[in-house]
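*Asks:* What TrEMBL records for 7-80, 100-175 is domain 'Glycine transporter'. Residues annotated as transmembrane segment in TrEMBL: 6-25, 32-52, 64-84, 96-120, 126-143, 155-179, 185-203.
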């Protein structure tokens, strides 16, 4: 189970670091700004998760691999962007790559947040893991959007945090039956599918005021 958690942590870090760096490039930030945004997106949710469960020092300080991944990825992406004639701003590929990386990060961090709670506090089967799953998944993206600044995706866009919530619920339900490995993958798949379908079909939650 630990290996599965590490896999999801790596996937989430890589995906969110990528999406953070891409937003920095799109916003015409300098190299430092792109690296900061990449790190913020990749580790922000995990830091919030660790603080909520009292995991001090936070995981990122004990195992700084996520910092290195975010920095290296941001540097590579910036260099590739600079030396090629391809412009993310003028091509739909930017939006597609952003959505893919952001969705994979959302699903992966939903799993790591929920399962950390279930391992640390097995007596808390639902409220704690669901809450931590969502916070871990959306925390980094929320910080990223606030730093740009732009309206946070988690508060205004189509199904986003709701996908993480649904994945966390499914994970906890299957976990309670004793199928831990299956629970992790089921939660991840639910988040990814819901998010992709929401993007494709423009699903949105109810809004009392439409603009």
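The backbone N, Cα and C atoms fix where each Cβ goes, and this holds for glycine too.
Relative to the rest of the structure, where do these features sit?
*Replies:* Cβ atoms under 8 Å from those of the transmembrane segment (6-25) belong to residues 33-43, 45-46, 65-66, 69-70, 73-74, 77-78, 81, 88, 94, 97-98, 101-105, 107-109, 111-112, 140-141, 144, 148, 184, 188 of the same chain, restricted to positions at least 6 beyond its ends.
Here the transmembrane segment (64-84) has Cβ contacts under 8 Å with residues 9-10, 13-14, 17-18, 20-22, 24-25, 31, 34-35, 37-39, 41-43, 46 of the same chain, all six or more residues outside its ends.
Cβ atoms under 8 Å from those of the transmembrane segment (96-120) belong to residues 1, 5, 8-9, 11-16, 18-19, 22-23, 41, 45-46, 49, 53, 55, 128-138, 140-141, 153, 160, 163-164, 167-168, 171-172, 175, 180, 184, 187-189, 191-192, 195-196, 199 of the same chain, restricted to positions at least 6 beyond its ends.
If one looks beyond the transmembrane segment (126-143) by at least 6 residues along the same chain, the residues whose Cβ comes under 8 Å of a Cβ in the stretch are 16, 19-20, 40-49, 52-53, 102, 105-107, 109-118, 152-154, 160-161, 164-165, 167-169, 171-172, 175, 187, 191.
Cβ atoms under 8 Å from those of the transmembrane segment (155-179) belong to residues 106-107, 110-111, 113-115, 118, 125-126, 129-130, 133-134, 137-138, 186-191, 194-195, 197-199, 202-205 of the same chain, restricted to positions at least 6 beyond its ends.
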